[in-house]
Amino acid sequence: MGHLGVLLFLLGGLGALADICEIPQVDSKLVERLGQRLLPWMDWLSLEHLNPSIYVGLRLSSLQAGAREAFYLHILKLSYQRSLLGLTFNDDNSDYQDKPSMGQLALYLLALRANCELVEGRKGDRLVSQLKRFLEDEKKAIGHNNKGQPHTSYYQYGLGILALCVHQKRLHDSVVGKLLYAVEHEQHLHQGHLSVDTVAMAGLAFTCLEYSNLNPNRKHQITRAIENIREKILKAQTPEGYFGNVYSTPLALQLLMKSSMPGVELGTACLKARAALLASVQDGAFQNALMISQLLPVLNGKSYVDLISPDCEAPRVMLEPVVETPSPPQEVIRVVLKVPSVSPPYINSISVPAGSSLEDVLKKAQKLRGFMYGTQNTLSGPFLTSVMGKESGEREFWQLLRAPDTPLLQGIAEYTPKDGETIELRLATW
Ligand code: B12
């Protein structure tokens, strides 16, 4: 090979490299600061606040919480098994409502796998059957003609398939088929615009199935669906570099990472997404524990699919709790709170200290009378379920917007309105 040949060969090699989605290491102090935000959550041990996603995120990260982490898994097991398998001491029906949902059960199974456990034995079999039953029910809700919708969401449907797959539990082709259909006929996944989170989760489930070859009859369809999803996600990249938005980028990267797409500048797209993510981490955009738990694996080059064979011996840095210094008293700001979709419509200007969350604004408005709201705790934090006594119905939700028409990217506990801002609560469908 002449000089020119060598040069072309090297350039070709570099080009091929650029097609692979790789996330180079990030500053370890930045990662540690993110991990530290999870620690207070690990002291919150009621069933309502237990969050298997936090455990999964930590185990797939470069960080550990030592005895705290082990204790957290122990409590997760006690609480989840008790409420799922009915191993309660006072067996009344009152805690029925506390039963974990399909997605929560799936995350619990991921947490077990993150500790290198496989669901086995009588208890394990019952958990697996329960998750399979959930998926069968959802399959029925979607229906033979695929016209229906799952009771939960396609996000949870994908999560359920992924969790069984990392435990090498086989699902009927028809259950996988519903998710394949939804991805192929995108409009079934969402109304309006693409939910990058949902397709990324489906992609993670399919990647696990492809790797484990659990549904050989669907092999080609699965491979095509993964390609299709990768293309969709790449198309959803914003000028700043996010796939979808800042909060869907971690799951999108979990899917794209380590993959390659011939003829596509995947490497460049991923580096751009990484840069955008790091800038927003530095800006403090990652306060939510669930979001941090989806991001930490990415910063350690891992994805949920790695739970097929997790590395439980990998060295991880011990997290030290930080002592928060109380912030000095803040100036007062005014936020306009608006609820046009009730009659009579509600509008009021609320004064709160700068840096208050939207939840603080809602609390203050309620205290001042004339405003009412209700929340339900979820793995993402408090979810607004009712406003002025009006509960959101089936496939409805109380959407949070900054006037005139910008949906917020954070929930009521994290969003901090600025002085003079107008926040609208709008009953919307999804
Ligand atoms: C499906 C979904 C929805 C559905 C939920 C309905 C349903 N029956 O499933 C709908 C469309 C209603 C919804 C609404 C909102 N969502 Co949403 N949602 C999701 C999604 C795709 C999956 C959630 C899930 O099933 N998790 C798995 C199960 C096992 O966990 P879970 O805790 O039991 O699930 C419940 C909660 O997640 C809750 N929920 C859904 N979204 C949100 C958002 C917040 C802030 C909270 C507190 C709760 C919550 O609904 C789930 C079902 O009950 C996630 C994506 C992701 N990466 O997590 C985004 C996501 C969590 N949502 C997000 C946002 C911003 C919202 C809204 C605030 C948007 C808005 N401007 O109004 C609203 C919530 C407003 C409110 N009333 O409090 C962001 C949160 C980012 C962050 N910083 O935390 C995410 C990450 C999407 C994104 N990439 O932007 N969402």
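Every residue gets a Cβ built from N, Cα and C, even glycine.
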Further cyanocob(III)alamin ligand in TrEMBL, beside Thr152, Ser153, Tyr154, Tyr155, Gln156, Asp197, Gln294, Trp398, Gln399, Leu400, Leu408, Trp430, within candidate set Asn115, Asn245: Asn245
Neighbourhood of ligand 1 - recorded positions from Cys21, Tyr154, Cys165, Cys208, Cys270 with Cβ under 6 Å: none
Closest of Cys21, Cys165, Cys270 to Thr152 (cyanocob(III)alamin binding site), Cα positions, disulfide-bonded residues only: Cys165
Spatial neighbour of Cys208 (disulfide bond) that is closest, considering only the binding-site residues Tyr154, Asn245, Trp398, Trp430 and their CA atoms: Tyr154
Residue among binding-site residues Gln156, Asn245 with least C-beta crowding, 10 angstrom cut-off: Asn245
Cα-nearest neighbour of Cys21 (disulfide bond) within the listed recorded positions, Gln156, Cys165, Trp398: Cys165
